[in-house]
Number of protein chains: 2
Amino acid sequence: MTDTGNAVLMSGTDVARAITDRTAQRAAQFAEKTGRKPCLATVLVGDDPASETYVRMKRNRCAKVGIESKHVPLPASTTTAQLVELITDLSNDPAVNGILLQHPVPAHIDERAAFEAIAPGKDVDGVTMHSFADMAFGGKGFASCTPAGIMRILDAYDVDPRGKHAVVIGRSPILGKPMGMLLLARDATVTYCHSKTQDLPSIVRTADIVVAAVGRPEFVRGEWIKPGAVVLDAGYNEGNVGDVAFDEAAVRAGLITPVPGGVGPTTIAVLLEQTVDAAFEQRA
Amino acid sequence: MTDTGNAVLMSGTDVARAITDRTAQRAAQFAEKTGRKPCLATVLVGDDPASETYVRMKRNRCAKVGIESKHVPLPASTTTAQLVELITDLSNDPAVNGILLQHPVPAHIDERAAFEAIAPGKDVDGVTMHSFADMAFGGKGFASCTPAGIMRILDAYDVDPRGKHAVVIGRSPILGKPMGMLLLARDATVTYCHSKTQDLPSIVRTADIVVAAVGRPEFVRGEWIKPGAVVLDAGYNEGNVGDVAFDEAAVRAGLITPVPGGVGPTTIAVLLEQTVDAAFEQRA
């Protein structure tokens, strides 16, 4: 058992299990009503081993909860036009309820163009511009899965962001940026930090809630953490290491997510949940 | 002449004039090439006197720079469905290059639905979800006019947001939220504050750049301003009063916009510029 210092560990595994159990029930209800399972299309371009592993994990989890997955592997040489055409076909295919394009895609592909070919109603991974704006404006669209998973962890541990100062480190289109928007929609004061931020430690020291989404192992140091702060580590670096120096941070944090078993499991749980949501909505 | 204390006054009027002069030249080029002027449709629902004044100002400015405006006044009783239909028609009308829906619309109308009926290529006021996400992701879509005008003021006065701490007070979909995204895209560290923010003064005191977009007269006090900070006042309250207590703030700020003659004029200038951009793009 890891020493968590003073901090209470927030178990993403537990939060994910609760989401997944409910999703399995709803998937079964859907199948009973319609005679078919909800279906997630998974698109993988190229043969990056990490991406292959992620997609396999997601498909296994689909199978466990009663979601069919339709896997579409494409060669690394796929062009943007070919990928857009394929995703457009999936968007128009009534047998497909949700679409996941595993990223990153090879560098020669215009990832944004590929994402935008996903119909908003099938964007269960929350990657389209429409979904992003919906998160920002508090609408009912699908959320980017990792930020949405983090919100579920906060809710599960009764952390109300309202009026709190949340510092998001990282500003990627599917993680940092939507994370800040979801926290802002829940009335947090939100600061976006990134590689150009000056004196990051002193900004993090003012944070009641810290979300690390940098992609650099143990980048956030324990001494940056305000005593009692809530620390969420969305990083997942080689060797099961997060973006937060866990042992240091756990001494000061009030609540903290581990890596693994923190944010990661909730990401997949939200993906599955949104796939079932999509299936029901398309039937409605 | 107003006493600006230690601060240098940033003249939005001057910045707007430079944009407008160039826009007039380009509008003339467009007319020469195509035999018709660029055309902005202005849609006004109801008879709110302030909104009528704003639309009239915008149409007068259009006329001055060689942009045709097609005004569509609608009764206050217009339904969401009727408004959406009308805007969809304008989106499909090849004679219309840009569409401005004057807001706020009457409370019974779903404003978001009306905005979303504007084709992204004609969203010269930058109000659609597509335009918002484009601002956030650094794309080439149209920008929300007031935040874009503020960026132009910063550029004109050689304020590089990179690495600076920018505090945006307000989080509306067409002002505060896109403002933060535009500053973030230019590598500022961005904090969103709003009505639920705790201890706003101490957060503002850490800001190198402050954007006030609250809609409350003289809400931001001078003692909140860090000496030398850049202060942009996007407020425009009754009696020509901004959201910043100007006389107090000017004593401490390094650069500050007045009200009137600050942010306001640049908003209209960007609207006109984007209308001409749209006209050229639709022809390309």
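Glycine residues also receive a Cβ, built from the backbone N, Cα and C atoms like all the rest.
Keep in mind that TrEMBL annotations are predicted by a computer and have not been checked by a curator.
What TrEMBL says about this protein:
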- A:G170, A:R171, A:S172: NADP(+) binding site (BINDING)
- A:10-125: domain 'Tetrahydrofolate dehydrogenase/cyclohydrolase catalytic' (DOMAIN)
- A:144-281: domain 'Tetrahydrofolate dehydrogenase/cyclohydrolase NAD(P)-binding' (DOMAIN)
Those residues of the chain, 6+ apart, with a Cβ under 8 Å from that of A:R171 (NADP(+) binding site): A:K177, A:G180, A:Y192, A:H194
Tally of residues which DSSP labels helix, strand or coil - the domain 'Tetrahydrofolate dehydrogenase/cyclohydrolase NAD(P)-binding' (A:144-281): 56 helix, 24 strand, 58 coil
Most crowded position, judged by CB atoms within 10 A, among A:G170, A:S172 as binding-site residues: A:G170
Cβ-centroid neighbourhood (8 Å) of the NADP(+) site, A:G170, A:R171, A:S172 excluded: A:V168, A:I169, A:P173, A:L175, A:G176, A:K177, A:Y192, A:H194, A:A213, A:V214
Cβ-based proximity (under 8 Å) of the binding-site residues A:G170, A:R171, A:S172 to chain B, or none: A:R171
